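Chemist: Dropping a structure here in structure tokens format, bear with me for questions.
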Amino acid sequence: MDLPCQDWVCHVEQKWAELRSEETERFSLLTDIDAIFNYGLSLICPEDLNILSRISEKFSVKKSPETASEFRQQGNLSFKVKDYPAAVLHYSKGVCHADKNTDELSLCYANRSAALFYQGLYQACLEDIRRSLEAGYPSHLQDKLQTRQTACQNQLRKAEKPNIPHTDHQLSPCQKTVNSTGHLSDGVSVYFSSDKGRHMLVMENKPAGEVVLEDEAYCSVLIPANIFNTGTNKAVETFGTEDRHCHHCLSQSLSFVPCPKCSYARYCGESCQKDAWDQWHQWECPVGADLLAIGVLGHLALRVVLKAGQTEVQMGIKNTKDHVTTYKNDSPVQLSLGGDCGKSLDHTDCFHGSSYMGIYSLLPHVAQHSPASRFLMAITMAVIYGKLQGGPPPNKWMSFKDEGVKASWQPEMSMLGATALRHMMQLRCNAQAITAVRVKEESGMAVQSSSEIRIATAIFPVLSLLNHSCSPNTSISFTTGFQPDPHNQLGCSEGHFDHPKGSRSGVTVTVRASKDLTAGQEILHCYGPHRSRMEVKERQRLLLEQYFFQCVCQACQRDLSEGSPNAKEHTAPGMKCVKCGKPLQSHTDGYTCSWSSCGHQISSADVQNRLQGFQLLLDEAVHLMEQDRLNEALHILQSAFSQANSILTETHPFQGELADALARLYASTGEWSLAASHLKRSLVAIQAQFGEDSIELGRQLFKLAQLHFNGRDGVASLSVIPRARRLLSLHCSPRCEELQELSEMEHCLQGLL
């Protein structure tokens with residue numbers, strides 16, 4: 001939920017509508033962010049704070065012993081049927097809802113330790129045993145914990161012997177060491193020009209797959225999935241991102257440590273818990289429900305300001321006010337890290353690397369936001385600022401720290417709210433979705449589906465400098481948690497900072513060339529609308545609406561020229577004539593057979609209706625598969641396959657989805673050869689849609705290698721692995737799970753053949 005909840009939006013819209021015309025006009029003319037914030041501050045009253053409090057009741061983050069007990073009991077039910085992963089998730093939610101140092105907390109920890117033990121996670125089990133005892137686990141039950149503790153220690157001692165693997169080989173992400181990030185590779189430089197702003201060029205040839213940039217998120221905020229269930233204070237069955245990922249470093253974990261004050265925030269270990277508390281959570285915690293109500297962007301904007309502190313913000317304000325715009329050169333100028341920043345009023349012609357100034361200097365696009373949108377953001381931040389004043393000011397924002405003097409909110413601290421408003425405006429164009437591949441767990445199928453989902457929203461100071469293309473020459477991947485980087489892939493140059501661990505976010509983006517880049521070429525990133533997934537008009541509409549620019553990338557120019565009134569009819573990709581099977585030509589009103597002797601025509605509406613019908617059949621079949629009703633699903637998929645073949649060629653995206661679903665179904669029944677044959681058919685459609693060097697094709701080849709491996713066809717699996725590895729290596733870290741599994745399969749098969 002990036003934006004505020006609808007109830008709060010409606011309240012602010014009503015407040016906007018009630019303004020007198022002269023007030024509306026006065027606000028609409030304001031372009032200075034401080035003035036916009038102060039105007040919003042002047043309009044709020046205690047009732048606004050009360051209304052937000054009432055709205056946020058449905059997002060309650062209060063501890064609840066009753067809810068903790070419910071989750072523990074649900075965990076017990078999962079434990080009894082040996083569904084240990086689900087048991088751990090239930091126990092973790094119980095841990096988060098239980099009060100500090102209570103029997104309920106100790107019981108949740110103890111039960112979770114048992115579920116972790118049966119998954120072979122012995123180190124994590126020992127940690128939970130320690131936590132349970134520290135929370136006051138009943139003395140008459142401690143024999144069970146001591147027995148489990150001894151068993152864990154024995155297993156870990158066995159694993160220390162050579163050639164004896166064990167499953168608990170990883171440290172908590174919090175315990176891992178970190179290399180500095182936020183740097184460009186050798187041969188990459190930041191430039192500025194009046195038409196492109198800041199952008200990046202490669203100064204030497206870069207082959208596809210080479211890392212060109214690594215950047216660390218300044219801050220990130222998880223996107224909650226179960227936000228509307230939190231207010232019921234009742235245990236719910238499903239688990240969202242907030243239940244699976246550390247709220248500081250975003251790493252996946254099973255054994256979370258909770259915030260001692262609220263039921264929402266949880267961390268992969270005590271280190272992340274402390275770092276988050278020190279940097280922002282001790283001030284976010286009392287207004288946690290309000291932050292869930294105002295949405296991820298408002299929450300992230302506040303978090304950036306809390307982390308930066310008054311000194312950093314004042315430095316940003318002073319530097320921008322001390323300079324006037326003198327930059328008039330139209331030719332690109334190379335920028336050096338921390339170089340002369342006196343050329344522009346807003347520092348948009350400077351390169352600040354990974355520092356806070358890298359965030360502060362991003363354009364807020366004040367004039368491009370509609371007056372109503374500016375009003376919503378201003379009132380929202382003014383009310384949150386008012387809520388924060390219910391507690392002590394953040395340490396980094398206190399005007400004085402004289403011993404014996406009680407800290408209080410000073411008038412000049414309003415810059416906290418104004419700067420948060422600045423960042424909220426910036427995030428409209430500069431927020432970056434953090435994605436992860438998640439396996440769907442609700443299904444009882446032997447073979448489960450996976451999909452890429454958004455788990456968080458972050459802001460990256462260096463990544464934000466990349467310009468957009470609908471057909472980019474880079475791909476990005478994310479790393480979460482504080483992990484070592486033994487590969488040291490980058491020859492570090494500009495933008496290299498050494499941060500103490502406590503100030504780091506643990507969330508890193510790696511940008512790789514997805515195509516061969518030649519010296520002087522601009523590094524381009526896709527903001528979301530991609531040519532392979534969206535028509536040009538829709539892409540341009542979305543980019544103008546959210547990012548305030550008319551895209552003129554090469555892909556858009558090519559697509560627009562093909563669709564111009566002067567352009568000739570062109571072949572409709574993936575479409576064929578229902579009468580003769582020849583390719584269809586698309587035109588303004590519909591489609592015509594390309595074979596002159598046939599000339600059959602079909603309207604666009606008819607085509608859309610057919611495609612929607614195919615999609616409904618596929619959705620129904622997938623639903624049946626998830627219920628393990630495989631025969632019914634197969635009947636529907638075969639019907640959809642027959643109907644689709646009458647009008648769609650093998651390269652149409654729907655044919656790829658259909659073939660993938662059939663492959664999953666046959667894999668569920670152990671018919672590996674049939675599954676592989678259908679998955680091969682999906683490769684044609686995926687390559688046509690995404691390209692022969694795409695990550696999508698690489699992942700599909702990875703699945704094909706798995707099917708051949710499971711079907712004991714080692715020769716076929718070994719023939720697929722090299723191509724899958726090459727494509728995945730273009731887009732992913734060498735440590736990604738897919739590449740590691742490919743190596744394990746290859747090693748196993750080579751030992752057998």
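Glycine is treated like the rest: Cβ placed from N, Cα and C.
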Chemist: Name the one residue among Tyr39, Tyr84, Tyr527 that Swiss-Prot lists for the same S-adenosyl-L-methionine site as Arg112, Ser113, Ala114, Asn467, His468.
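Modeler: The candidate from Tyr39, Tyr84, Tyr527 that Swiss-Prot ties to S-adenosyl-L-methionine along with Arg112, Ser113, Ala114, Asn467, His468 is Tyr527.
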Chemist: Which one of these stretches, 246-285, 366-405, 606-645, 686-725, shows up in Swiss-Prot as zinc finger?
Modeler: 246-285
Chemist: Got a sec? Which of these binding-site residues, Ala114, Cys246, Cys249, Cys262, Cys268, has the most Cβ atoms within 10 Å?
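Modeler: Per the Cβ count within 10 Å, the most buried is Cys249.
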Chemist: State the three-class DSSP label for His468 (S-adenosyl-L-methionine binding site), counting H, G and I as helix, E and B as strand, and everything else as coil.
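Modeler: Once the DSSP labels are grouped into three classes, His468 (S-adenosyl-L-methionine binding site) ends up as strand.
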Chemist: Nearest to Ala114 (S-adenosyl-L-methionine binding site) in three-dimensional space, by Cα, is which of the binding-site residues Cys249, Cys268, Cys272, His281?
Modeler: Cys268
Chemist: Which secondary structure state does DSSP assign to Ala114 (S-adenosyl-L-methionine binding site), in the simple three-class scheme?
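Modeler: Once the DSSP labels are grouped into three classes, Ala114 (S-adenosyl-L-methionine binding site) ends up as helix.
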Chemist: To test your reading of the Zn(2+) 2 site: which residues beyond Cys259, Cys262, His281, Cys285, same chain only, put their Cβ within 8 Å of the Cβ centroid of those residues?
Modeler: Val61, Pro260, Lys261, Tyr264, Ala265, Trp277, Gln282, Glu284, Gly288
Chemist: With every protein chain in view, how many other Cβ atoms are within 10 Å of the Cβ of Cys272 (Zn(2+) 1 binding site)?
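Modeler: A count of 27.
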Chemist: Using other CB atoms within 10 angstroms as the count, which residue among the binding-site residues Cys259, Cys285 scores least?
Modeler: Cys285
Chemist: With His468 (S-adenosyl-L-methionine binding site) as the reference Cα, tell me which of the binding-site residues Cys246, Cys249, Cys262, Cys268, His281 is the closest one.
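Modeler: That would be Cys249, nearest by Cα distance.
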